[in-house]
Amino acid sequence: MSEAAELPPVPEQARDVFGDRYADAVRYAELLAEAGVKRGLIGPREVPRLWERHLLNCAVLSEVVPEGVTVCDVGSGAGLPGIPLALVREDLKITLLEPLLRRTNFLTEVVELLGLDHVTVVRGRAEEVMGKLPPVHVVTARAVAPLDRLATWGIPLLRPYGEMLALKGDTAEEELKAATAALSKLGAEQTSILHVGEGVVSPLSTVVRVEVGESPGGVRFAAKRAKAARTGRTRRRRG
C-alpha cells in the first residue's frame, strides 16, 4: 500500500463491534484504501479516518435496525453503510442499490470476497426499481441527498409500516424540519433523531428515523405498487 493510502491502526472497539467478522472488516478497510481510492470511490484524504468516520460510524447503525428484517441501502456507493451493517448483522437480508457500474462492480467483488451470502447487489436508481424489487422493512442511506429528496427515493421502497434510517451529520435537525411537508405527503407518520455508537465513536453517529404508515410513498406510490403486483401475478400465471 502506498504511503498516501496508509491505513490508521485498527481501533480497539472494532474487535467488539465486528466480532467474528473482524478480519473481514479489516480486509474491507484495505479494499477501500486500495481499490476504493484507485477507482475513485473514496478520496485519499478519507483513508486515515476510514475506521472512525466510515466503518465504525456505519456499523453502529445496527443498534437501531430490528432483527431479521430486509434492508435496502440506497445509493450504496462504496458500500457505506450497507457492508459494515452486513458484517455485524448476518440476520439481515440486505440489498445494496447503486446506479453506477464501477461502484456495483466493486460492491460485487467485496460481497464475493467476504462471503456475504445475505447481501445482494443491484444496479439501478431507486425510482427505477420500485415495483421490481420486493418492498423492504428498512431503507438505509448515507451521504446520498438532503432528506426531502432522499425520502422521495427511499420511502416508496418500504413495506407498510417500514422505516427509513438516514445517517446524517450536524444538519440532521435542520434537514428534518425542512422535509416535514414532503415526508407527510410520502406517508411518514413519525420522525425522530437518534444518536448511536456510545463507547464506539465520538461524536456519536446521528440517524434520522422516518417511520411510515400503511401507504409508504403516499397514494400515488400505493397505486404504482398495486399495478406492479397485478402485473407480476399475471406474468406468473402466464409462465
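Placement of Cβ uses the backbone N, Cα and C atoms for every residue, glycine included.
Keep in mind the model is a prediction, meaning the values are calculated, not measured.
In this structure, GLY75 (S-adenosyl-L-methionine binding site) belongs to neither helix nor strand by DSSP; it is coil. The S-adenosyl-L-methionine binding site annotation in Swiss-Prot covers GLY75, LEU80, ALA126, GLU127, ARG142.
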(message) If I restrict to non-local contacts, at least six residues apart, and a C-beta distance under 8 angstroms, what lies near LEU80 (S-adenosyl-L-methionine binding site) in its own chain?
(response) HIS54, LEU55, CYS58, ARG142, ALA143
(request) Identify, in sequence order, the residues in the chain of ALA126 (S-adenosyl-L-methionine binding site) that are 6 or more apart from it along the sequence and have a CB within less than 8 Å of its CB; answer 'none' if there are none. (result) VAL74, GLY75, LEU97, TRP153, GLY154, PRO156, LEU157
